[in-house]
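Peer 1: Mind looking over this structure? Questions follow.
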Amino acid sequence: MAHHKSVFTDVDVRSHENNLAHRTREIDRERLIVRRGQPFSITLQCSGPLPAKHYLELKLRLGKKDEVVITVQNERGAGDKWWFNQQEAQGEIVLTLHSPADAIIGHYHLAVLLLAHDRHTVERIDKVAFHMLFNPWCKDDVVYLPDESLLQEYVMNEDGVIYQGAWDYIRSIPWNYGQFEDFVMDICFEVLDNSNNALKNSVMDMEHRFDPVYVSRIIAAMVNSNGDRGVLAGRWSEPYTDGVPPYHWTGSVKILRQWSKAGFRPVKYGQCWVFAAVACTVMRCLGIPSRVITNFDSAHDVDGNLSLDIMLNDRLEPVETKDSKWNFHCWIESWMKRGDLSKGCDGWQVLDPTPQERSEGEFRCGPCPVTAIKEGKLDVKYDAPFVFAEVNADIVHWIVQRDGQRRKIKEDQKSVGKNISTKSPYGNYREDVTLHYKYPEGSREEREVYEKAGHRVTGAVEENTEPGQLQLSIKHAKPVFGTDFDVIVEVKNTGSKEAHAQLTMVATAVTYNSIHRGECQRESINVTVQAHKVHKQVLRLHYDHYVKCVSEHHVIRVKALLDVLGENEPIMNVVNIPLSKPELLVEVPGMAVLWEKVTAHVSFTNPLPVPLKGGVFTVEGAGLLPATEIPVIGDVAPGQKVSVKFSFSPMRAGVKKLMVDFDSDRLKDVKGVGTVVVRRKYTRPFYENPIIHIFGLSNNYP
């Protein structure tokens with residue numbers, strides 16, 4: 001048999017122009033990374049033309065054990081199959097591969113075979129590999145989002161803002177999602193590969209990875225470490241000494257890298273916004289449009305009765321109850337069509353990776369269509385009753401007396417699911433999405449939804465429909481952590497005769513998810529309020545007192561209870577007062593140029609009446625520098641300004657954000673952010689020019 005001279009001499013995956021056209025250049029410039037439903041081209045260098053009657057066959061393998069093998073058809077067949085076409089010219093063959101819009105996402109290996117007419121393989125080239133992601137730019141992909149400015153935010157933006165605090169005092173923290181940073185994409189696939197499903201049956205798991213409903217449900221379970229090899233362990237109270245306190249993180253990248261490096265052992269510790277932010281990074285990286293949502297006054301309804309029963313003893317201290325109301329709770333929304341559900345369920349889906357309740361055996365929640373929550377369709381997959389309760393449950397307070405009897409307390413406010421917030425795609429400001437989740441309060445539609453959901457309507461015919469003659473309200477300024485401040489409790493008598501009552505005021509420290517951390521102050525007095533008059537009672541809160549019990553979330557909860565002589569139901573009001581922290585000032589003077597050293601300045605002033613010890617700044621930024629710690633030398637005296645300088649060399653061009661966190665013994669979770677515009681030094685390299693149009697690849701495909 002004559003010795004066959006090899007035809008293929010080399011292969012070029014043309015990652016520069018493919019990755020640019022597929023909007024993955026931020027992830028990698030060397031490796032080929034493409035999005036499904038959109039063609040890409042590779043070039044085979046040949047020693048001469050293909051021998052007569054020989055032809056090419058392309059085979060794809062997916063998974064570590066070749067769980068899926070696909071033969072690529074050599075002409076356009078039905079729209080749901082892989083196919084390729086070829087053009088020969090000047091000793092090259094350009095192969096253009098067309099993937100279906102529902103292709104499996106993952107790491108593919110491509111073999112190009114040269115076959116003789118009797119189908120035996122003359123030669124093969126095996127060294128081509130590429131990654132395939134979801135394609136929200138492709139109209140046939142179920143994650144298609146037809147608005148470029150939304151795609152720039154919900155897929156491409158590596159920086160964000162997460163809302164925290166209380167419904168009437170919303171604060172924001174910057175977050176570095178960093179979905180295109182080095183190794184993050186590989187770690188996202190490791191997240192999928194380490195799920196219980198993948199470890200149990202890798203073939204079945206791989207075959208389902210075309211479906212964002214399946215993939216997002218796996219991610220919701222894998223971001224927390226409960227019951228699997230997940231990324232983050234949750235912890236909701238100090239001490240955090242054997243890990244990183246949840247409030248210390250400023251981005252997802254360090255968490256994901258640490259998990260991967262430690263052999264998939266959970267990273268300590270997360271709370272709801274950290275779980276949500278890491279899930280958002282993974283989803284954006286894989287190409288599913290996603291955003292972090294904050295729900296203020298979020299209900300955690302354990303028994304599913306759409307009512308939170310909160311038990312207090314006669315000193316107004318919480319008695320163990322499973323149900324709880326969180327000052328805020330974060331989850332994510334991801335955009336996709338729901339082919340598995342009836343009409344009207346496409347669009348934003350709630351996914352909640354914080355471990356709260358099991359869903360089909362795993363700690364996860366969703367995807368659940370936001371529209372199903374708004375319409376009260378609680379039989380819709382997945383976990384609609386739990387999400388519905390988070391934004392709609394009633395809260396009933398009871399006082400459990402010493403003899404075990406319960407007294408129901410009148411509440412003054414409608415309190416669950418307020419100011420549901422996300423970062424606007426048009427800038428660093430808040431967009432309110434409450435009306436995506438529920439109809440306006442008091443509307444006819446709201447009543448209809450409640451009835452459909454089997455939810456009793458509050459405020460409907462109570463035994464005593466007369467409004468009481470006394471009204472109770474609590475007022476406060478926006479206090480700064482470290483200062484003394486006043487809380488004013490007002491008792492208003494709207495009736496025509498004077499009233500006598502006992503007023504109890506209790507200030508307690510709580511975490512953001514309502515874990516009781518101890519009492520700061522309490523006062524109980526008898527008040528007499530003249531007809532049509534207002535009685536004001538001042539509760540002065542001193543730093544020296546509240547600092548002993550306040551949690552790392554810096555929230556003081558003030559409860560006021562009015563026991564009116566001659567009435568059987570006491571009146572209660574509750575406010576959560578977040579104590580604000582100083583702003584960190586982040587400045588980057590001068591021009592920032594790719595790969596050239598630039599210096600940043602960070603400063604803030606100690607607002608506390610005590611010195612700060614063990615101060616550490618942590619700085620990071622996607623495309624700028626990995627998370628880096630800068631210790632402060634010595635103590636920071638009360639009122640002293642502390643500033644540090646540090647240098648870094650930007651790694652990627654464009655508008656980037658520098659995130660900074662400051663922690664010390666007595667002041668933690670101080671955040672700041674600076675904008676850095678990184679310019680390229682030279683004119684653009686040749687491969688960025690539209691030279692690629694020659695190959696039939698257009699930048700604005702599809």
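Cβ atoms are placed via backbone N, Cα and C, with glycine included.
What TrEMBL lists as domain 'Transglutaminase-like' is 264-355. Among the features that TrEMBL reports, active site is placed at Cys272, His329, Asp352. The feature Ca(2+) binding site is assigned by TrEMBL to Asn392, Asp394, Glu441, Glu446.
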Peer 1: Quick check: of the active-site residues listed here (Cys272, His329, Asp352), which one has the Cα closest to that of Asp394 (Ca(2+) binding site)?
Peer 2: His329
Peer 1: How big is the Cα-to-Cα gap, in Å, between Glu446 (Ca(2+) binding site) and His329 (active site)?
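Peer 2: Glu446 (Ca(2+) binding site) to His329 (active site), Cα-Cα distance: 23 Å.
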Peer 1: Filter the recorded positions Cys272, Asn392, Glu441 down to the ones within 10 angstroms of Asp352 (active site), Cα to Cα, kept in sequence order.
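Peer 2: Cα within 10 Å of Asp352 (active site): Cys272.
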Peer 1: Measuring CB to CB from Cys272 (active site), give everything in the same chain under 8 Å that is also at least six residues away in sequence.
Peer 2: Trp326, Phe328, His329, Cys330, Trp331, Thr354, Asn513
Peer 1: Which one, from the recorded positions Asp352, Asp394, Glu441, Glu446, has the smallest tally of other C-beta atoms lying within 10 Å of its C-beta?
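Peer 2: The recorded positions Asp352, Asp394, Glu441, Glu446 were compared, and Glu441 has the fewest Cβ atoms within 10 Å.
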Peer 1: Suppose you look only at the domain 'Transglutaminase-like' (264-355); what would the mean pLDDT be?
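Peer 2: That stretch averages a pLDDT of 91.
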Peer 1: Looking only at His329, Asn392, which of these recorded positions has the biggest number of Cβ atoms within 10 Å around its Cβ?
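Peer 2: Result of the Cβ crowding comparison: His329.
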